[in-house]
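Working notes, structure below.
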Amino acid sequence: LCYGASSPALSDRSRFPTLFRTHPSATVHNPTRIKLMQKFGWSRVAILQQAEEVFISTVEDLETRCKDAGIEIVTRQSFLSDPTDAVRNLRRQDARIIVGLFYVVAARRVLCEMFKQQLYGRAYVWFFIGWYEDNWYEVNLKNENISCTKEQMKIAAEGHLTTEALMWNQNNQKTISGMSSEDFRKRLNAALIEEGYDINHNRYPEGYQEAPLAYDAVWSVALAFNKTMQRLTEQNSGKNLKDFTYTDKEIANAIYAAMNSTQFLGVSGVVAFSSQGDRIALTQIEQMIDGQYYKLGYYDTQADNLTWFDKEKWDGEKVPQDRTIVRRVLRTVSLPLFICMSTISSFGILVAVTLIVFNIWHRHRRVIQSSHPVCNTIMLFGVIICLVSVILLGIDGQFITAENYPKVCQARAWILSTGFTLAYGAMFSKVWRVHRFTTKTKTDPKKKVEPWKLYTMVSGLLAVDLVILLTWQMQDPLQRRLETFPLEDPISSNDDVKIRPELEHCESHNNSVWLGVIYGFKGLILVFGLFLAYETRSIKVKQINDSRYVGMSIYNVVVLCLITAPVAMVIASQQDASFAFVALAVIFCCFLSMLLIFVPKVIEVLRHPKDKVESKFSNDTGISKEDEERYQKLISENDDLQKLIAQ
């Protein structure tokens, strides 16, 4: 039976079958630590240990208990003598609740490193072993080459918790020896003074704390022997305790059984042994407050009873968190920007509706009639739909729920795509007809453009759009995908909080494929439209009197689309910039197209209320096919003559 060893390895019955100890095992602290973690709601802890056998086996026991209690061990760091890297790693792992297991010399090094790494204060809780001296963090700093001052060590030590097995009976009641624990202490101190120890100045001999354990160990042996003698007498085996030899298994078993069942009130508290021969003891919890240790409570492992005094004190007046609280914040389009763009779009829609009314009201006028009023109306409808899509582009998580976001995604794709097709398709079909007029070998200059041919082209483009969009929606619909950003510090908060920004995106599984199909189709029409507009840049046909303005609109749309599409993909992670860029591009396209195509018509109608004057004013006098061919011949002849002159 021993009174001074705490190594958990001694609990191994296969290695030490007949060992008992009145000194509690180092693992006696672990149930208390778990209880405290549960009390304060900590479910994420880190362990820092010295690479000594006693601490290794204690940590293994703690890990098992943490697993059973559902507490996550975020990291386990160990060191031999220099804890610098181990403490630095704790910081990297964002450890907040840290269990430290090391001897007092190493504890001082750890504390100094804690101060340097700033692993102390309101965001951190450290568990230390309770059997260090009360002023352990202030002594031997120079001898041990600790590079921190006493003041720094005190700052770092503030608020830490300790757990220790109780070595003294807490109640002043008489024990089995007839003395209370206070009587024993007085008697012991008197004996030490006789031996020459200056206990008045806290100069105690090494092992002073274990004195009650040693005293109770002798009592345990005496009581076990008494019980064994009694049992042997009752058995009438003729054996006596004095007959014991080291090969006598019967008496050995009797002594073992007697020791195992020993239970009495000693000066160190209730003495009882577990099946592993370990002392079952109360543990005491203390906290360092203003440089002094204050008792917070006791924990009885056997009865699972925590006696708590509510004296704990935390920096910041609240229990520290076991991790950085990460608040997920959705990045949304800024409200002023959204309101501004929506207002401009709404104004654009109003202008487009006014122009539709103007177009229908004056459809009999030659200036309107020659530009195909139905085609213009289709274009204006497309413009209205495009401007509606601007409002949809700004609608995000601040207005709708995550469940409804995919519906907005689908609406954006459909509305923007069909709006573009209607607006651009109407302009494209006009330029296409002009090009057809000027390239046909035999064309009657007085022949009218059949409107159905223009509408058929727009319908064809719209049909392709619908096929692509329907297939996309049915096969691989757009969903809400969150893009997460690195953690950020909150603007103003005393809490241990970090912000995790998130941004909503509309994406499907094969997003790039579908975008490629849509962009490819639209891109071909844009490039072809650009080519036709260039080819017909100086040609006027009176059947379509606004072909030049339509061509200019196509230039503007192509240029803006070619810039906007790639840039929008690059800045997709910046919600305000992305929305503003795309919205302005759409608004600019729509307004410029309305301006170029309708302002000349409005001016014409306002200047000349009567239709007859138009024939004098109209700039778009038709150029016949023969004139155009004669002009081309003159140009080629001129080129030939210039070459001859050069020769």
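Each Cβ is built from the backbone N, Cα and C atoms, and glycine gets one as well.
Quick look at what TrEMBL annotates:
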- 344-621: domain 'G-protein coupled receptors family 3 profile' (DOMAIN)
- 335-361: transmembrane segment (TRANSMEM)
- 373-393: transmembrane segment (TRANSMEM)
- 413-432: transmembrane segment (TRANSMEM)
- 452-472: transmembrane segment (TRANSMEM)
- 513-534: transmembrane segment (TRANSMEM)
- 554-573: transmembrane segment (TRANSMEM)
- 579-599: transmembrane segment (TRANSMEM)
Q. Averaged over the domain 'G-protein coupled receptors family 3 profile' (344-621), what pLDDT does the prediction give?
A. 74
Q) Looking at 413-432, 513-534, 554-573, 579-599, which one has the highest count of Cβ pairs under 8 angstroms to the transmembrane segment (335-361)? A) 579-599
Q. Given the transmembrane segment (579-599), which of the listed stretches 373-393, 513-534, 554-573 has the most Cβ pairs that are under 8 Å apart from it?
A. 373-393
